[in-house]
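Structure first, then comments.
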Amino acid sequence: MTYLNKQLQIIYLKLILSYKKTLCNFNATLSTLTHSPPVPQVPSATMPVSLLWAVDVYGRVYSLSTAGQQWEQCRDAQMEFKRVTAAQQCCWGIACDNNIYLNVHASDLPVRYQEETYENQRWNPVDGFSDRLLPSDRWQLSDVTGLQHQPLDNFRLPSSSWEWEGDWYVDENFEGEPTEKEGWSYAIDFPATYTKDKKWNSCVRRRRWLRYRRYKAMDTWAKIPSQQTTLPDPFSDISCGGWEINEEPRGRLSLWAVSLQGKVWFRRGVNSHNPCGSGWISMVGEMIMINVGLNDQVLAIGSEDRAVYFRQGVTSSELSGKTWKVISVPRDGDRSHSSASAHSLQSAGCYFCGEVRAQSLVSDVESDTEKGSTDGASCIITSSSPESFVDAPTEHSDQPIETPKSRIPKVTSDSFISELVSDRGPGKTSREVRSAGPAVLEEETIPLEGEVKAPDVGVSLSPSQSVGPLDPQWSNVDLEEAQGQQAQTGAVVDTADTSSLSSVATFTLAMEDPYGVDEHPMWAWVSGGGCSVDSHTQLNWFNCSMNTSSMVQSVQSMSLSVTPAQTAAWRKQIFEQLSERTKREMDNFRHYEQAIEQSVWVKKGTMQWWRDWKPHKWIDVHFALEQFSGPEGNKDGILFIYYNFYEEKKYLHAFVNEVTILVPVLNDSKHSFAIYTPERTKQRWPIRLSAATELEMHDWLALLSVSCCDSRGIQGPPSKQAIWSITCKGDIFVSEPSLSLEAMPYPTPCDQMFWRQVGGHLRVVECNSIGIVWGIGYDHTAWVYTGGYGGGFFQGLASSTDNIYTQVDVKNVYIYENQRWNPVTGYTNRGLPTDRYMWSDASGLHECTKTNMKPPSPHWTWVSDWTIDYSVSGGTDKEGWQYAADFPASYHGHKTMKDFVRRRRWARKCKLTTTGPWQEVPPIPLSDVTILPCAAQSSVDVVPLWAISNKGDVLCRLGVTALTPAGSSWLHVGTDQPFKSISIGAASQVWAIARDGSAFYRGSVSSQSPAGDCWYHIPSPSKQKLKQVSVGRTSVYTVDENGNLWYRQGVTPSYPQGSSWEHISNNVRKVSAGPLDQVWIIADKVQGSHSLSCGTVCHRLGVQPLEPKGQSWDYGIGGGWDHITVRGNSMEPPRVHLPSLTERTPLPVRNTEINSSAVGC
């Protein structure tokens, strides 16, 4: 009966699936016949491809791609594995030889590690500079501190997985400037401040030697070399994580392992530059398993008490933590001897590992013996080969019994693979394999009285199995079981109840299963640490690809047989009938007059308004939006703010068609937003309103945004020519440029541009005129624009229904701990009355403590604790302190006799989750990106796109087109030092800025050679360090760290490097040069009639071919802006022909600066 019921269930499920599929085909056919063909859309970027790793019971490692539909075996030198733990960029595993192996995924960006050493020399009157140093000096070849001896021939490759890229060479750059003689930098003594120029008192000098090594063992299992002293016992468990820990760069991993004797080990130095790590560190405590989370969570199970432990003190500066703390909480009920409890332990078995104690095994055997008659499913699996469960026939005895369902043998995960394959010779089949170790149940099992023994199958049946049908059971692949204890008891061990906490649950195999092991692998371990699945993307894993012939025939028999000719005729007939009906109904009511010529509706609410006059404060007001539509369908509206002034009722109004931007201003205490008009933009004083709740504020913002777009006739996604900008809070805005925006001599004023918000959160955005838009988040994640609009708080008609995805961004919040020195107690938090707060922001003007510091806005949530930040400009000491003579001053990382104050920076990570038309481009984090600014009618098929990773590597994206804006792969471009800014011009001229402030030009970049051939060093302006570059059609602009804007003179097609730098303006934060050589900047310290604003969008006026530097600045929206790009606006402005020069009307002086030396101030 059990077998027949099983078959009936299978047939019933197949009929249901067949019916559902037929119904879907029928609906799709109707949809095709009754609807017009869909408009082709630009395909959006696909979900990042990642891998799910698993190990079967034979130790074979498989990977399943999120873009694939089948498991792919890792074929590597006949190796069998017991454990795997995966990250996004690599996978670790424990093989059957008890060694740890690493598989690094191949990527477009090579894994390179920079080795460096410093050559030190001292001057003496006889030899000049030589390697004859004083006894108290540092080594002749040392590290940067001079404390470690590092000769060139002492550097060795860590393992055979590495190879040298080249020989040692001298770094001839010093802080962005080329050195005069062989890379030497000079100083008075060791250690001191070095300069590239030799002075009369320069008594010592040094230079840096560099050599790169490359990791070559990609997509293969490489053995991790052991330490100088062999480890005491082999490993039994391994886990990696920690790639989202606070302040850790992407690529840093936290790897933990446990040995067979319970010893805990931590692998130090594992990162993207050195994926193998540098060595093992022994930890205190004995554990049987360990698990590492994404952040700083390290959990383990104790070897003695089997309690769950948490590792305390894991921070970015101390990844190994400090101590173990037991998690002691009550359980939801004590049902350890019930069947439900046993199955719960089996379900959670994949989270535990280790050995089963002898006493616990005896107690389990006894309890199983007592209840063997009631479970009805007790059996002992004695075969060591799973294939025998399917193929081997069962002998029939005299007693009528039901055919038992086969089970997976109980084997240990530490030894089962080696036991299974140790006796597997070339001439042996899997049926001939027998267990030889004590950890696996032997095949020769003495049957109990009343049992039926099947020698070929190796299954011992208890009498209770003949009673009633057999339900599907979960059997376990145990990590370790004691065979001796089971032999002493002589009892039948129930596989459902004798599993320890260290087991993996697998479903029983049916006797009628026609598939072999290769089609249905039996898994022993799985790791999803490197598998990232987007909730908006449909995986192909669950699509049934094994349809039976009966299902196919049933679908074919039930489907509609419609020919293409019939389809076309049917569609034409339906369209004709609909057209006739529409015409008939319209003619019947054509003689009626229009009922309503104009509609008006009003939305009212109570809000707070930041009043315009002093003293400025929030006052309660009534806010109303009155919107009306005319007979032609045009819409407009008016905003009213009703307030009381000395008991007199007054109001403030603004026309909707005059509103230029709506900016959300979220903080801890108010849910406010700002409304700008051209006049308010000139004053730098917007209308600022505050709602009672965040939801109410979002409702008003969405409503006002739709009203503003309706009044201007703007709908749908941004155009390809749109100008993109980002505020300092990460909000994204776009503006549709008019034809006269760059017209001469009367361009459209910059403060009259209308900006609308797009969902998402970014730090940098770049675009071009064929619709390719890339962005970079605060966590250096790259995003590509999908062609939608809306997202975030925009809902309904204000947002597109497709191409909207979830976006996550992470940033750090910093506070400073300040101390002053006094002769009695040294450095303390007791400062002078005139000092800054002892806990403050970077300026010291605002008090910021660990307790009162909140995330930037209610949208952000804390995801880590406060930790000391050691990556501060100027360096720190071992405790993170920076020293200076007084507040504020120039800080340095070492203490001197003149330093009376010190500070250190604390960081805390927060996360924001939103939605928008953006999709992630994995896997390399970026810090800058640039796209070729194409012409309006460009016919470029593949668009060059360059980027810089957060490590400073220069990358070139291949396969970027209008249909595939995300591209296909990265091409690494070699550099001698890390870069921080890059830009490509309309003629494929590539300029870049290194992290030391120097400029470089890439030669011979073309469509045939997209990466060019070499870098040319361009001297920086005198005593300035550059930080950003932007290249237009023929012009090159840069911004230095002091906010100065520079123009490169002498740039011609024959000499693209140019000749010299010319200063254009100051107080500049960012610059963007467009495809028409138009120049836009983000400026600081722009003076308005009410206030001084920082972060203002400014447009350069008077830019012409004969005057590429322009004449003056036109001020637009601001402040609070951080980034702008006009590289998509390639619309040629209309040319205005004036009668004569004498009749030209002078350009009215608006909010501009005619001289070219300063912006604002």
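Every residue gets a Cβ built from N, Cα and C, even glycine.
TrEMBL lists 421-434 with the feature compositional bias 'Basic and acidic residues'.
Annotation comment: TrEMBL describes 110-171 (among others) as domain 'Peroxin/Ferlin'.
Marked as domain 'Peroxin/Ferlin' by TrEMBL: 183-216 (among others). Per-class residue totals from DSSP over the domain 'Peroxin/Ferlin' (183-216), listed helix then strand then coil: 0 helix, 16 strand, 18 coil.
Annotated domain 'PH' per TrEMBL: 601-711, in sequence order.
Per DSSP, the secondary structure of the domain 'Peroxin/Ferlin' (808-869) breaks down as 0 helix, 27 strand, 35 coil. Annotation source TrEMBL lists domain 'Peroxin/Ferlin' at 808-869 (among others).
The average pLDDT for the domain 'Peroxin/Ferlin' (880-913) in the predicted structure is 92. Taken from TrEMBL, the feature domain 'Peroxin/Ferlin' covers 880-913 (among others).
Taken from TrEMBL, the feature region 'Disordered' covers 364-414 (among others).
The region 'Disordered' annotation in TrEMBL covers 419-438 (among others).
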Applying the under-8 angstroms CB criterion, which one of 110-171, 808-869, 880-913 scores highest with the domain 'Peroxin/Ferlin' (183-216)?
110-171
Tally the residues of the domain 'Peroxin/Ferlin' (880-913) by DSSP class, grouping H, G and I as helix, E and B as strand, and everything else as coil.
0 helix, 18 strand, 16 coil
